[in-house]
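These notes are about the structure you will find just below.
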Amino acid sequence: MEANMPKRKEPGRSLRIKVISMGNAEVGKSCIIKRYCEKRFVSKYLATIGIDYGVTKVHVRDREIKVNIFDMAGHPFFYEVRNEFYKDTQGVILVYDVGQKDSFDALDAWLAEMKQELGPHGNMENIIFVVCANKIDCTKHRCVDESEGRLWAESKGFLYFETSAQTGEGINEMFQTFYISIVDLCENGGKRPTTNSSASFTKEQADAIRRIRNSKGSWDMLGVKPGASRDEVNKACRKLAVLLHPDKCVAPGSEDAFKAVVNARTALLKNIK
């Protein structure tokens, strides 16, 4: 069994697990934990210095779970402190602020940091990840929509929740699902449960939706060079349409991506003789 897994327990027995939080500074990691554990919201921002540690007990089905929570500082300055806490982890709360695109874009870097610190023998497949799209109460400042965040999470087999530490929305549901998944992981010999969402669309579909969403124009969206012929434009459009048609693709954002492809084709063909 992998090093990050606790010893397998019989049903009904207590279980001890380690959970860490990851994400940029000021995305609300500490506030999410406080909202769940202490049922309160701290409006004044207090930066986490290095690591905050806490213990809580929860019950999942007929088991008592002792949860050791390591709330890790998101500022790069504290890398030398937090890099000691990645190992022997069963669950990760990965947080970004829906009003800060850079905090969403940084999620891949956080995963890379964890993978680096776990080393060649570490296995991130034996860890439950939950992605929290936090601060959804700040609707006016939102710049990362739900479909974009959900696509990123589900394409990696991660859980995904929309949360607000301020109002409490999504917090309890997130933690309950998170802990149940960790218990299932432990009882399944360290194998991450396969979610329906992670198996419902392909990496090719997810990559295509992300590329379309981030494209800089119609040529870029279809993946053809400026000045391409009508046949080349139609061929590129057909390929993407088959891949992303809403009747066949259930990936978050597929319907909008499909419409964008059709509109891009129409716009380009107007200017091609």
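Each position is counted from 1, following the chain as shown.
Cβ atoms here come from the backbone N, Cα and C positions, even for glycine.
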Which listed span Swiss-Prot calls region 'Required for interaction with MAPK1', if the choices are 1-18, 217-234: 1-18
Residue, out of the binding-site residues Met72, Ile136, whose Cβ gathers the largest set of other Cβ atoms within 10 Å: Met72
Neighbouring C-beta atoms (10 Å sphere around the C-beta of His75 (GTP binding site)): 14
Cβ packing number for Glu26 (GTP binding site), 10 Å threshold: 16
Cβ contacts of Gly23 (GTP binding site) (under 8 Å, same chain, 6 or more positions away): Lys29, Gly74, Leu94, Val95, Tyr96, Ser103, Ala106, Leu107, Trp110
Model confidence over the domain 'J' (217-273) (mean pLDDT, whole number): 89
